[in-house]
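See below for the structure under consideration.
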Amino acid sequence: MHTTDTETFEEQFAIEQRLVDSVVASFDSTTDPRLKELMQSLTRHLHAFIREVRLSEDEWSNAIAFLTAVGNITDDRRQEFILLSDVLGVSMQTIAVSNPAYEDATESTVFGPFFVEDAPEVTLGGDIAGGATGQPCWIEGTVTDTAGNPVPEARIEVWQNDEDGFYDVQYSDGRVSGRAHLFSDAHGRYRFWGMTPVPYPIPSDGPVGKMLAATNRSPMRVAHLHFMVTADGLRTLVTHIFVAGDPQLERGDSVFGVKDSLIKDFVEQPPGTPTPDGRHIGDRNWARCEFDIVLAPEQI
């Protein structure tokens, strides 16, 4: 009896579907309901991708080698897996589903791969540069909840790249610069000296950078400054502020992290302009930026 192409396709489809069903069923005894949901859904979607693109064995071997390389380059100073998540938009999608907009709360964005625990503390009005080079920038604002109440003693972690586009952890000398933490005062106010952010490329010497090059994608990030803000009873905020007027805003951000509400004016101040705290800047420009932070309730 002659077998038609349709019959052959249906037989192949049935073989593939039986495998999917078998793998999904293998998780039926999982006692944690959320873990069961995650593993079964992941299995269905992963197999659907393989079937849709007709993934070859060589392609899958290359994918495994790529993920192995991502793991091998990752250490306590470089998080290549976070970078991979960022450039695929997974980080921003997770943020979108996990941190829905709430009233006037400040919006979240990506964490990024360059956060380091135990950054040094600076006092209010202190300088986070720590010897890093860049245009001095005064940043100030108030931390409140969504009812407008000031939040005293909020812990504010800040970190940024230098004017050459590098974070301290990208240098091999163990320096700590361009990062610190501080606490808001009794009225929720905070202030510090940093550097005017500049755009920079994400690392291109690792597998993620090579992936972007292979797909003709730009590695550039829009100029930004990182914040992570924590306070009792309020939702932890991970966010950036972006520089209004940065040409990279029009070209796009390699990790899809820009939100309009986070674009802020960094107002250039000519040489000789008095600084808010009387600091002597010398014969150079500096900038200032105001960024008020609104924290959502921990439970929404």
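Every residue, even glycine, has its Cβ placed from backbone N, Cα and C.
These figures come from a predicted structure and were not determined experimentally.
Classification of His226 (Fe cation binding site) by DSSP places it within a strand. Residues or ranges marked as Fe cation binding site in Swiss-Prot (evidence: similarity to another entry): Tyr167, Tyr200, His224, His226.
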If I restrict to non-local contacts, at least six residues apart, and a C-beta distance under 8 angstroms, what lies near Tyr167 (Fe cation binding site) in its own chain?
Phe114, Trp159, Gln160, Asn161, Gly178, Arg179
Which residues, same chain and not among Tyr167, Tyr200, His224, His226, have a CB within 8 angstroms of the centroid of the CB atoms at the recorded Fe cation site?
Gly112, Phe114, Trp159, Gln160, Asn161, Pro197, Arg221, Leu225, His240
If you draw a 10 Å sphere on the Cβ of Tyr200 (Fe cation binding site), how many other Cβ atoms land inside?
22
Among His224, His226, all listed as binding-site residues, which has the most CB atoms within 10 Å of its CB?
His224
